[in-house]
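One structure is given here, and the rest of the page talks about it.
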């Protein structure tokens, strides 16, 4: 039997990814051309850059797919990458604003400017590297987790060691540095992904269910508290006071249309303008200077304005199909490492689309994260494509292992007869 890896490519993951990538190029073209023309710039520059990053992502996927799985399990390599990632995040934050390589973008310090290429945002890769890192850690602790349950996850003699010792230190370091960039959106997503990975690590359901209910309850109480106090709750001495404006917009975007509520109010207008069937591709009104960041954080309202609520639902359905296919592979996986990666990547996509769309329609505060595979942004697309590359590699490995086991089973069960 031919067990060549190419025979086990999971098209139910690859095809939805390619469809979303194609829609993304079309929508980036639609949202960026008017703004580029108004600024007197090359109208095709941003869509060409996005296309280049998508082609680079396809090459990366092809390379990673061909790697043997043991290469992805190399703990020294994973540890080295995590150190480089943390140092790059710190580099972005501590360098002065005047330093050309780390000049702020929209007030945030999370970008590294590479001449001739553009900007790279390390936090976008951190979301996938956290999954990779925790999958490596938890997959080697399965016997200990089975014996000691959650006590193995939060092992330590003191409370400080339980919270910041061992595998938790790199995760906390990334969260803290990313928060003070400031980058609330990616910080929340990384934290959510880490919680998903803990839940998938093998701890008993009663612990994970209990903590999940507690966190969701606290979030609901917090959002309710925002409506009572009006959103202005972050003390001025903290480096994250910018969040107050987002909280104020969440409570009521129409009280300050010129400032804090401008984006969310115009997001509503875009969705209402689109209706069920949309105004037609390229015919959005809000992208013409009314809705800031229409090509990134708020691309989904523009999708609805141009393609309608039906078009938005179809795109979400494609994305949820992709997520479900990866989740199914993760649940069925025989290897703990494979299962953790698949559940982590599918969880990342689910959380990110919820945070993006939830912020755009006002059910949670806006956080500035991109819509997976549609928004303009090379780092975001590359980072999420890295997750898809891992998923395709692991899916092929699981399928090949299953076929090999079946082949061996039938080979050993076939009776042999001696000649009379």
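A Cβ is built for glycine as well, from the same backbone N, Cα and C atoms used for every other residue.
As given in Swiss-Prot:
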TOPO_DOM  1-12  topological domain 'Cytoplasmic'
TOPO_DOM  34-43  topological domain 'Extracellular'
TOPO_DOM  65-80  topological domain 'Cytoplasmic'
TOPO_DOM  102-113  topological domain 'Extracellular'
TOPO_DOM  135-157  topological domain 'Cytoplasmic'
TOPO_DOM  200-213  topological domain 'Cytoplasmic'
TOPO_DOM  235-301  topological domain 'Extracellular'
TOPO_DOM  323-340  topological domain 'Cytoplasmic'
TOPO_DOM  362-370  topological domain 'Extracellular'
TOPO_DOM  392-420  topological domain 'Cytoplasmic'
TRANSMEM  13-33  transmembrane segment
TRANSMEM  44-64  transmembrane segment
TRANSMEM  81-101  transmembrane segment
TRANSMEM  114-134  transmembrane segment
TRANSMEM  158-178  transmembrane segment
TRANSMEM  179-199  transmembrane segment
TRANSMEM  214-234  transmembrane segment
TRANSMEM  302-322  transmembrane segment
TRANSMEM  341-361  transmembrane segment
TRANSMEM  371-391  transmembrane segment
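Of the candidate ranges 44-64, 302-322, 341-361, 371-391, 341-361 has the most C-beta pairs within less than 8 angstroms of the transmembrane segment (179-199). Long-range contacts of the transmembrane segment (302-322) within its own chain (CB-CB distance under 8 A, at least 6 residues past either end) are made by residues 12-13, 16-17, 19-20, 23, 27, 30-31, 270-271, 273-287, 291, 294-295, 349, 353, 357, 372-374. Packing against the transmembrane segment (114-134) from elsewhere in the chain are residues 49, 72, 78, 81-82, 85, 88-89, 92, 101, 105, 167, 170-171, 174, 178, 181, 183, 186, 189-190, 193-194, 197-198, 201, 340-341, 344-345, 348, 352, 377-380, 382-384, 386-387, 390: each is 6 or more residues past its ends and has a CB under 8 Å from a CB in it. Within the same chain, the transmembrane segment (44-64) stays apart from the transmembrane segment (214-234): fewer than three Cβ pairs sit under 8 Å, each pair at least 6 residues apart. Computed over the topological domain 'Cytoplasmic' (65-80), the whole-number mean pLDDT of the model equals 90. Beyond the ends of the topological domain 'Cytoplasmic' (65-80), by six or more residues, the same chain brings 5, 9, 132-133, 136, 139-140, 337-338, 389-390, 392-394, 396-397 to within a C-beta distance below 8 angstroms of the stretch. Residues in the topological domain 'Cytoplasmic' (65-80) partition by DSSP class (helix H, G, I; strand E, B; coil) as 12 helix, 0 strand, 4 coil. Long-range neighbours of the topological domain 'Cytoplasmic' (323-340) within the same chain, counting only residues 6 or more positions beyond its ends whose Cβ lies under 8 Å from a Cβ of the stretch, are 10, 12-13, 16, 69, 73, 131, 134-136, 138-139, 142, 197, 200-202, 346, 349-350, 391, 394-395, 397-398, 401. Non-local neighbours of the topological domain 'Extracellular' (362-370) in the same chain are 183-186, 188-189, 223, 226, 243, 246-247, 249-250, 253, 263-264, 267-268, 293, 296-297, 299, 352, 355-356, 377, 380; each lies 6+ residues outside the stretch with a CB under 8 Å from one of its CB atoms.
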